[in-house]
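Listed features, source Swiss-Prot:
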BINDING   7-20, GLY101, ASN162, ARG187  ATP binding site
Amino acid sequence: MKATGIVVEYNPFHNGHQLHLNKARELTKSDVVIAVMSGSFVQRGEPAIIPKWERTKMALAAGVDMVIELPVSFATQHATIFAEESIRLLDALHIDTLFFGSEHGVSEDFSTAAKTVVENEAAFNETIQLALGDKKTSYARAYTDAFTHLFGKELLDVTKPNNILGFHYALAIQKQNPSIALQTMPREHSGYHDAEASHDYIASATAIRKLLLAGNLEEASRYLPDSSIEVLNNYRGPFLSFEDYWPLLKFRLIQASSDELEGIRGVSEGIQNRMQLAAKKAHSFSDFIEIMKTKRYSNARLQRTALQILLNAQNTPPAEPYIRVLGMSKTGQKYLSLHKKNISLPIVTTVSKAEPSLLKEDLRATDIYTLINGLEDYQAGDFHTPPILTL
């Protein structure tokens, strides 16, 4: 069986995702599509708008054959780690092709860039470190400048969010298993972070979340497939943003000592001291981020650091990667059965039977995620919710 892998968040699953999924199956001529998906918290350092189980239902209903969870210690990291660990899981599942959307849309350019960076890695990293010597320069800017220095601006614009993720997927494949084919499709209509919908049936997940958080499910439905609308209509919990977790984060910042926070993943350069001061002044999470924002620290980096503090994620090596199955179609079940003996990573379908150290961070993250009123039905869900299976 030929397998295509995709890296997703489905926050929530919308018409653009449906187009991407359909093209993945059509263009790669695969028998099975495997999605590695962020769980309770996503890459920009935010809570998912609805629980991972609801997003898994959306994915399966739309045609994904297997949904596996990207562990939170990787899912909430910067693009390099996010991509490396996503590819590690998909490679363990023996995918033939990685399919992704990008603003650039030319597969060969991603592969060319990745191969060149690997061949010139020492010089590339040195250029980044030199740029970071300027305390006003963010890591993202330093990385972009190093890339432009190596290639010029013609090959690939890595200031675009899908391009930079695609490049890191290509880089991870080049380092881990260059035999995995890389295929992209151009992103259509809506920009990744567009806050407003600007098309009849395609809108960014950002714009859709904004509508849902404002209570405009009917308007948001224009941009969702019927299968996602059905999941949302049956969902009885709240739509979530970091504002819901602000009291918990504020308590944590006020209660903890600076030395304690210094041991949290992503905390560096004394940023915890500024965060503790900002927490006392801010009245909301958006207010907190606005107070904290500088040229060196992007919103995404600040949110990721704040999230690590909320989750009490210690700056120690994360657990070994594992394959946590959230859901499968009948085809996905057949594929897993065929390959199970040849999969090098631990496979988790029943949490209570898994090695406790593997899932420690993810279980804590889900426990914190479900502290919000209205999510009582999902509390301890990692223990009593089996993989969702469809016929």
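FYI, residue positions are counted from 1 along the chain as it appears here.
Cβ from N, Cα, C; glycine included.
Annotated features taken from Swiss-Prot, shown on the structure.
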| residue | record | DSSP class |
| --- | --- | --- |
| VAL7 | ATP binding site | strand |
| PHE13 | ATP binding site | coil |
| LEU19 | ATP binding site | helix |
| ASN162 | ATP binding site | helix |
Local Cβ density at GLY16 (ATP binding site) - other Cβ atoms counted within 10 Å: 22
Give the residue from the binding-site residues TYR10, PHE13 that has the most other Cβ atoms within 10 Å of its Cβ, counting over every protein chain displayed. PHE13
Among all protein chains shown, how many Cβ atoms are found within 10 Å of the Cβ of ASN162 (ATP binding site), not counting that one? 18
On a simple 10 Å Cβ count over all chains shown, which one of the binding-site residues VAL7, LEU19 is most densely packed? VAL7
